[in-house]
Amino acid sequence: MSSPAIEMRGITKSFPGVKALKSVSFSAFSGEVHALAGENGAGKSTLMKILSGLYRPDGGAVIVGGTERHFTHPLAAIRAGIAVIYQEFSLLPERTVAQNIFLGREPTRFGLIDHRAMNDEARRVLALFGSAHRIEPDTVVADLDVASQQLVEIAKAVSLDARVIVMDEPTAALNEAECEVLFGLVDTLRKRGVAIVYITHRMREITRLADRVTVLKDGETAASFDHVPEPDAIVRAMVGRDLGDFYAEPARLEEIGDVVLSVRNAGNDRLKSVSFDLRAGEIVGFAGLQGAGRVALAQAIFGFTPFTEGEVTLAGTPARFTSPREAIRAGVGLLPGDRKAEALVLMQSVSDNGMLTARALSGLSAKADATPFVSAEEMETLLRNVDVRAGSFSQDIKALSGGNQQKAIVARWLALAPRLLIFIEPTRGIDVNAKAGIYHLMRDLARKGAAIMMVSSDLPEVLGASDRILVMRSGELVAAFPRGVSEADIMLAATGEEAVAA
Amino acid sequence: MSTAIFVKRPARRMERYAPALLLGVALAIYVAIALGLGLTRFLTPEAAIAILNRSIALGITAVGQTFAILVGSIDLSVAHLISASAVVASAIMNGDPAMMLPAVLAVLLMGALVGTLNGLMITRLEVNPLIATLGMALIIQGCLASFHGRFGGSVPDAFQYFAYGAVLGLPVSLIVLTLLVLAAWIVLRFTRFGSNIYSVGGNRDTARAAGIKTTRVVMASHIICSLCASLAGLYLASRLKSGSPWIGTEGAYDLESIAVVVIGGTILSGGKGGIWGTVAGVIIFSLIDSIFNLAGVDAFAKQVMRGIIIVAAVAFYAIRSKRIVA
């Protein structure tokens, strides 16, 4: 075989508090699809951000077309023929589809942007996906649904005519039919000699597309296959241990108690007539695509964006909260999905972060270290009980790993002994072992009589950690499954597709 | 096309034309008051030109401020730069028509330098734009104060053509402002640089990942902003015959230029808005002045009214955009 289109040798990268990559090597040849698999937080995205010039590696070499390169700006990587489709959307919502596709490289005529050429070219690229009619080049991106936005994102990379295209979980927001279109497109690109790095943790996509597979785990290469191995081999490499004790034991029948939260025909401008019950002692997983309304539902229950209609009761009393403060007082807790932005005060200590809500709900006369809910010493005990590992609880919380930060937030809620605890993406960006810790912590809380609502986009997690699974689509609850349902059934319900040959 | 797009369009359009709507309301009030008081001489084309001509300096400054805000930055140093430009212009010209060109070049060079320094502080030193340009404002103010007294002079009569001359019945200064607005519109709407300004203002990380050299775009926007302020300083020197170290701050051009940009629908975080909104904002401010003059209300009430209008306009946009998200 000739030399690879891109090769990364011994890449090392650290962030404050985390060693994200430990001497990882990776290569992709022209005309192949190299699948990069691994759990969330395994380092896949970091590796690709180094390839695209967004991050600079601490050590190691990036070799493109046989020569070593040091990208200091993404522009250099783009010029070297590397295009990346990022997982978190990199679209500008206020700009049009065509403007987004040609971001920073608009076609010009006499120094002025040639809007017509831009729209024509955008239409041509979108036609490759068969989505030319659905997505108009002059539509503002904010007006598109999530799947269309994802297609625009892909069109942006394809239109670059890159030699290497990195796709970071491109199917996360697509339905079955759209996935098939994408797979067809990947085949076409492969035939044209493009090297494709395909990041995913879905076995079906690996089997369907990949020529080679590399598995990352905790920032290291866990396995590398020159063929497509059995899914089991990949999963074992991803998880790095037996799946047996990864998730906690499900609830036994006698552990499930009375209804804690009852929601009847509740809605607001993002939710339509939602009805369900949550019982003490159970963990209920909420699955669905991005924007399906799961987070909106959690925020509505928590009083952040209140329901405007319907009935909600918490332990039998009316509970249509209009502010989080009201909800917390009544015994509801919420762990947001974006820890840094929504849950933590990064520049305060671990114990201050733990005390945050207890202090906020205390009267003005309460002492900071002895609130009616918890004292500073009790908080230290709670933090130790949930196994927060820190040099000292008085150090800034920003230096802790994601898993320890999340546990500290759990401790914050434990101090208030909530009846209902809502977890949004509880293990996003957390390493594998800390994940197991969070799952067991959730189960312990449930055993002690709390109802747990878990919103997660990580399907294996929903399947493994929940006692029941509710699926949402377009602001409605569309399906309810018992434990043991298949991933495919949930996806079908979430996308609203009829059973397509999968 | 899906129906979802159709449902959302009207709200979006409404938002886009909101500045025009506000302008219409201001105009209607003006006309109503003029008619009500029987002052029809205030409804002639000459009166319209007079209203526009009252805001030349603010207009020129606001064009520049639009660039700074669109790119996600802001410039608080414009008022002091205006003063400095007027002072330097009159000092160099010192009544000598032959010195007009060198003076103009020197002032514009100074503007470019200030803009470059602002840009460097914001991009390289990563100082918050509010603080960086506030610091720059204080620096300029300090320099002006220490040189004051040594700087005298006035502009020659020929230079006053900029402020008082007319071509085909239109004031030269108004023509200059119009050309400046058109140039800004072309840059923002039809050039790659303009597109980059929106991208960087919309999301700096996205722009960088797409290969845009974001620091250059921010620098260039700040240079444009400062050059506009220098031009406004030249205009004021031309109008007042000589520059004083206070004309910029007395006119409150820093805060007023930000206010008209925001009233024009450009959002403070950048990435959304445009030059026509700013034009509407400037005219709205002029009209408010005229309305209060017509109605004979004192200057303090006028200031209160301006404050209310700024807050109301921004609240209006905030509520609208929230509804669209939902």
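Placement of Cβ uses the backbone N, Cα and C atoms for every residue, glycine included.
In TrEMBL, annotation is done automatically, which means it is predicted and not curated.
According to TrEMBL, the features are:
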- B:20-39: transmembrane segment (TRANSMEM)
- B:51-71: transmembrane segment (TRANSMEM)
- B:78-95: transmembrane segment (TRANSMEM)
- B:101-123: transmembrane segment (TRANSMEM)
- B:130-149: transmembrane segment (TRANSMEM)
- B:161-188: transmembrane segment (TRANSMEM)
- B:217-236: transmembrane segment (TRANSMEM)
- B:275-294: transmembrane segment (TRANSMEM)
- B:300-319: transmembrane segment (TRANSMEM)
Do at least three C-beta pairs under 8 angstroms join the transmembrane segment (B:51-71) to the transmembrane segment (B:275-294), pairs 6 or more apart in sequence?
yes
Touch test for the transmembrane segment (B:217-236) and the transmembrane segment (B:78-95), at least 3 Cβ pairs under 8 Å:
yes
Sort out the residues at least 6 away from either end of the transmembrane segment (B:20-39), same chain, that have Cβ-Cβ distances under 8 Å to it, and list them.
263, 280, 283-284, 287-288, 290-291, 294-295, 313
In terms of Cβ proximity under 8 Å, which residues at least six beyond the ends of the transmembrane segment (B:78-95) contact it?
57, 61, 64-65, 102-104, 106-107, 110-111, 114, 136-137, 140-141, 143-144, 147-148, 151-156, 159, 225-226, 228-234, 236-237, 240-249, 251-255, 257
